[in-house]
Amino acid sequence: MSEGRCSVAHMSSVVAPAKEANAMGPKAVELVLVKEQNGVQLTNSTLLNPPQSPTEAQDRETWSKKADFLLSVIGFAVDLANVWRFPYLCYKNGGGAFLVPYLFFMVVAGVPLFYMELALGQFNREGAAGVWKICPILRGVGYTAILISLYIGFFYNVIIAWALHYLLSSFTTELPWTHCNHSWNSPRCSDARAPNASSGPNGTSRTTPAAEYFERGVLHLHESQGIDDLGPPRWQLTSCLVLVIVLLYFSLWKGVKTSGKVVWITATMPYVVLFALLLRGITLPGAVDAIRAYLSVDFHRLCEASVWIDAAIQICFSLGVGLGVLIAFSSYNKFTNNCYRDAIITTSVNSLTSFSSGFVVFSFLGYMAQKHSVPIGDVAKDGPGLIFIIYPEALATLPLSSVWAVVFFVMLLTLGIDSAMGGMESVITGLADEFQLLHRHRELFTLLVVLATFLLSLFCVTNGGIYVFTLLDHFAAGTSILFGVLMEVIGVAWFYGVWQFSDDIKQMTGRRPSLYWRLCWKFVSPCFLLFVVVVSIATFRPPHYGAYVFPEWATALGWAIAASSMSVVPIYAAYKLCSLPGSSREKLAYAITPETEHGRVDSGGGAPVHAPPLARGVGRWRKRKSCWVPSRGPGRGGPPTPSPRLAGHTRAFPWTGAPPVPRELTPPSTCRCVPPLVCAHPAVESTGLCSVY
């Protein structure tokens, strides 16, 4: 072998244009594998798609204002769970002491994961599936996020329909859940809760008018024997669901230009209502005692594993990571947007909202506890029962009860709408970016998505719909989300590389993430997520609703729903490997190498070229260890030859239509060859350079 030439044992690669063309710009590139066996050269080739041009990236829709994006993210992250879940967990797990594990997990895992998703979407400017061009074998992680978002839409929209039903029912002089004199009430209904008693004289359990209105007047649960006896959809709830679907469609059909305007109402209204309810709640008798119980500090509870587990799980679900929503929203940002600042702002607002909503919730719970002379623990609960039974019951006892009920359910409606918009946007953006046909017909595709969620949501508005709702809530958005986020952070930090990801962020913000963020992404967050996944499986309990226990077949169906989203990751990985040419080692090398060059999308249209990631199992070769050679021109076969050192100047390769090589990519003076794997990274293709292994 000639002097100065890198030794390539038995295999070499050529990256050359598939056919000669005079037009400038990105070309389709043919990847040719040349393998020498027994003196015979065997070739295999495949056609590589060119990277997205800067012009195409510039054409992507962007938010009209920065505030549109921030309100959309805040509106999505701050949802109904902030009202019904966090205050209860805080009270249950030692009051103010619960903030210690909550804030700890927020800092070491919640904010880093939130920041990672915002940066991932903003840099790649695609939806949940498209961003995985950074590691094609893990594109299934994006489809998992899209599928989970779709599943959540099947039952989350029903909560909004319930809130709308309550809102419409509040426009009366007397709220329908005030007394027991309605057709849906049972003999067990009691207008007042007896102190320290939950049973009537004959041993039958007592129920409140608010509880019977929700379960019998709205859900008609008494007409169903279980999940195997659903009955027909209730026309009242179906009508409310139709209105919700129509509202979602017209909020989303034109993309972020319309949704960005809607969130100015849906994201800000809850704060106005929460403030009004807080002013009213703290004046009620018993409110101070309940707030004191909410904030009481019991540091001994920190020795209990359940407290830390509850905090970890709450962090995962309260921020909305793993659903593709943050990726979709940030993909419409300007390339130079400061996503780090956005992550800090939105996560802080989310946590403060969760904490402050506890004052509102417990002021009314304290009022109810004193009114019925029962301990605060007897009325404190989480889930739909808090906002559709306990809270309406408290509002019904206030002067101007109808006014306060309207205000409260307007808040629930707006909290639900912008969160549902985020979930739908994840599905629409994620699939539209993958399939251009859907992108060209976004309005029609949006209609199909919302119609699909409507049709499947009908199962949740039947007589036994609450059982379907509980099953979906238990399985569709549980372990599968945690698994998806775990695979996401492994893909970014270990396959794509935390150093390259940091370089991407530096291009956008001008600042490389500090060592703290890199350590969180690479070590702390994966360990945290693995811990939560294991705990969620180990502490699994079969779903139930009240005294009703789901049959075994329903539990099996729930696990099948969860597995259907998680299985997309290995299925797509197997498909990707099978669809690539070459040996198993070559397939794996190409499957974990980014598909396209990441470019800076700005008004200048320039796209800085990065050294390609050289696959070696997992991880990346640094560019200083690469051996750079010019590709041969069209029609020339055989292995490439090394280039002279490009010191202090740039060099263009006209036949590729590529820009000159930046000075910072000047190869080192000594050429170090790496294992014989093919490098097919478009960053090399676009400059006419190929890295020889």
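Glycine too: its Cβ is placed from the backbone N, Cα and C atoms.
As the structure is a computational prediction, the values presented were derived from the model and not from experiment.
Feature annotations, reproduced from Swiss-Prot:
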TOPO_DOM  1-56  topological domain 'Cytoplasmic'
TRANSMEM  57-95  transmembrane segment
BINDING   GLY75, VAL78, ASP79, LEU415, ASP418, SER419  Na(+) 1 binding site
BINDING   ASP79, SER149, GLY153, PHE317, SER419, ALA420  dopamine binding site
TRANSMEM  96-127  transmembrane segment
SITE      PHE105  site 'Contributes to high-affinity binding to cocaine'
TRANSMEM  128-171  transmembrane segment
DISULFID  CYS180-CYS189  disulfide bond
TRANSMEM  234-253  transmembrane segment
TRANSMEM  254-284  transmembrane segment
TRANSMEM  304-332  transmembrane segment
TRANSMEM  333-373  transmembrane segment
TRANSMEM  398-439  transmembrane segment
TRANSMEM  440-463  transmembrane segment
TRANSMEM  464-496  transmembrane segment
TOPO_DOM  497-513  topological domain 'Cytoplasmic'
TRANSMEM  514-539  transmembrane segment
TRANSMEM  551-580  transmembrane segment
REGION    558-587  region 'Interaction with TGFB1I1'
TOPO_DOM  581-693  topological domain 'Cytoplasmic'
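Annotated features, which come from Swiss-Prot, shown on the structure.
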| residue | record | DSSP class |
| --- | --- | --- |
| GLY75 | Na(+) 1 binding site | helix |
| PHE105 | site 'Contributes to high-affinity binding to cocaine' | helix |
| SER149 | dopamine binding site | helix |
| CYS180 | disulfide bond | coil |
| CYS189 | disulfide bond | strand |
| PHE317 | dopamine binding site | helix |
| LEU415 | Na(+) 1 binding site | helix |
| ALA420 | dopamine binding site | helix |
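Within the same chain, the residues at least 6 positions away from CYS189 (disulfide bond) whose Cβ sits under 8 Å from its Cβ are CYS180, ARG206, THR207, THR208, PRO209, GLU212, listed in sequence order.
With pairs at least 6 apart in sequence, the transmembrane segment (128-171) and the transmembrane segment (333-373) have fewer than 3 Cβ pairs within the 8 Å limit; the two do not touch. Note on the transmembrane segment (254-284): residues 61-65, 67-69, 71-72, 74-75, 78, 291, 329, 332, 353, 356-357, 359-360, 363-364, 366-367, 398, 404, 407-408, 410-411, 414-415, 417-418, 421, 425, 442-443 of its chain, located 6 or more positions outside it, place their CB under 8 angstroms from a CB of the stretch. The transmembrane segment (234-253) makes no contact with the transmembrane segment (514-539): fewer than 3 of their CB pairs lie within 8 A, with pairs spaced 6 or more apart in sequence. Nearest in space to SER419 (Na(+) 1 binding site), taking C-alpha to C-alpha distance over the recorded positions PHE105, GLY153, PHE317, is GLY153.
It is 15 Å from the Cα atom of PHE317 (dopamine binding site) to that of GLY75 (Na(+) 1 binding site). Counting same-chain residues at least six beyond the ends of the transmembrane segment (514-539), those with a Cβ under 8 angstroms from any Cβ of the stretch are 105, 108-109, 112-113, 115-116, 309, 312-313, 316, 478-479, 482-483, 485-486, 489-490, 492-494, 498-499, 501-502. Counting every protein chain shown, the number of other Cβ atoms lying within 10 Å of the Cβ of GLY153 (dopamine binding site) is 25. Between the transmembrane segment (464-496) and the transmembrane segment (57-95), fewer than three CB pairs separated by 6 or more residues in sequence fall under 8 Å, so the two stretches do not touch. Under 8 Å from some Cβ of the transmembrane segment (398-439) lie the Cβ atoms of residues 72, 75-76, 78-80, 82-83, 126-130, 142-143, 145-146, 149-150, 152-153, 156-157, 159-160, 163-164, 166-167, 170-175, 178, 244, 247-248, 251-252, 256, 259, 262-263, 265-267, 269-270, 273-274, 276-277, 280, 320, 323-325, 327-329, 331, 387, 391-392, 445-446, 449-450, 453, all in the same chain and six or more residues away from its ends.
For SER149 (dopamine binding site), the same-chain residues that are 6 or more apart in sequence and have a Cβ closer than 8 Å to its Cβ are LEU323, GLY324, VAL325, GLY423, MET424, SER426, VAL427.
Contact between the transmembrane segment (440-463) and the transmembrane segment (96-127) does not hold: fewer than three of their C-beta pairs are under 8 Å, each pair 6 or more apart in sequence. With respect to PHE105 (site 'Contributes to high-affinity binding to cocaine'), the closest of these binding-site residues in Cα terms is GLY75, chosen from GLY75, LEU415, ALA420. Looking at ASP79 (Na(+) 1 binding site) and GLY153 (dopamine binding site), their Cα atoms lie 14 Å from each other.
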